[in-house]
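See below for the structure under consideration.
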Amino acid sequence: MTDAITQKGFVIHPGFLDRPAQEALVARLREVLAVAPLFTPRTRRGPMSVRMSAAGTFGWYSDSRGYRYERRHPDGIDWPPIPEEVLAIWRGVSGCARLPECCLINWYGEGARMGLHRDEDEADFSCPVVSVSLGDDGLFRMGNVDRGGRTSSIWLKSGDVVVMGGDARLAFHGVDRIRFGSSTLLPKGGRINLTLRVVT
Ligand SMILES: O=C(O)CCC(=O)C(=O)O
Ligand SMILES: [Fe+2]
C-alpha cells in the first residue's frame, strides 16, 4: 500500500488491497451474487449500462419510479449481509463510528460507464462513502459540489480504495470508461466497484 493521494477532497488509497485480499473479496462477492443476482437498473432515460446488486440492510435501486434504497432485492429476497472483509476496509479508512448499511455492487462490462452524479439519497452525510475497485481499470472523474466547474480524473486500479468524505461527500463523480480486459482478477474481464454507505 502506498500513501494516500487527495484530489479535490477525494482521498485515494492506491493498492489498499493486495492481490490475495482482492481474490478473497471476489470469492465473497460471488457468494453474495449467487443469492442476490446482478440486475440492470432502469432510469427514466432507459437501462443503465452498469449492472448492480447489493449487500446489507439496504440496496440502492432505480426503475421508472426513480431512485431509492430498498430493503429487498427485486426478486423479493433480503440482501445478503455485508461480508466481514468489506467491513474491515470500512473500519480501516472511513473514520466513522457507524457501520455501512449498504454495500452497493456495481458491475461494469465492456463499454459500461456511470454518468456524473452525487450520492445524495442517504439521510446522514457525516460518514463518507467508501469505494473499492476490483478488476479492470476505471477512469474516475471527480467534480465539485455544484454541477459544472473543473473536474479531475484518475485511473482507479484493482485494489484501490477511495474515500468520499468531508467536502467530497456531496461532490459530483462518475466513471467515464473502463479499460476492458486490463486486469486478470476477473477471468471474463470487467470491473466491480463496491460503494459502502451509511443510509439512515
Ligand atoms: O464505480 C465507481 O468507481 C463509482 C461508483 C459510484 O459512484 C456509485 O456507485 O455511486
Ligand atoms: Fe456515486
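Just so it is clear, glycine is given a Cβ too, placed from its N, Cα and C backbone atoms.
Record features, source TrEMBL:
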BINDING   Trp60, Tyr67, Arg68, Tyr69, Asp121, Arg147  substrate binding site
BINDING   Asn106, Trp107, Tyr108, Arg191, Ile192, Asn193, Leu194, Thr195, Leu196, Arg197  2-oxoglutarate binding site
BINDING   His117, Asp119, His173  Fe cation binding site
DOMAIN    99-200  domain 'Fe2OG dioxygenase'
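Compute the center of the Cβ atoms of His117, Asp119, His173, which mark the site for Fe cation; besides them, the chain residues with Cβ within 8 Å of that center are Leu116, Arg118, Glu120, Val129, Met164, Ala171, Phe172, Gly174.
Proximity of the binding-site residues Arg68, Tyr108, Asp121, Arg147, Ile192, Leu196 to ligand 1, judged by a Cβ distance under 6 angstroms to any of its atoms, singles out none of them. Calculated from their C-alpha atoms, the gap between Asn106 (2-oxoglutarate binding site) and Arg147 (substrate binding site) amounts to 23 Å. For the pair His173 (Fe cation binding site) and Asp121 (substrate binding site), the Cα-Cα distance reads 15 Å. Here the Cα atom of Tyr67 (substrate binding site) is found 11 Å from that of Asp119 (Fe cation binding site). Close to ligand 2, meaning a Cβ under 6 Å from one of its atoms, is not one of the binding-site residues Trp60, Tyr67, Asp121, Ile192, Leu194. The binding-site residues recorded for this entry are Tyr108, Arg147, Leu196, and the Cα of Arg147 lies nearest to that of His117 (Fe cation binding site). Reduced to three states, the DSSP call for Leu196 (2-oxoglutarate binding site) is strand.
Look at the Cβ of each of the binding-site residues Ile192, Leu194, Leu196 and count the other Cβ atoms within 10 Å; the largest number goes with Leu196. Closest to Tyr108 (2-oxoglutarate binding site) in space, going by CA atoms and restricting to the binding-site residues Trp60, Arg68, Tyr69, Asp121, is Trp60. Cβ neighbour count within 10 Å across all protein chains ranks Asp119 highest among the binding-site residues Asp119, Asp121. His173 (Fe cation binding site) has a Cβ environment of 22 other Cβ atoms inside 10 Å.
The two recorded residues, Asp119 (Fe cation binding site) and Ile192 (2-oxoglutarate binding site), have Cα atoms 18 Å apart.
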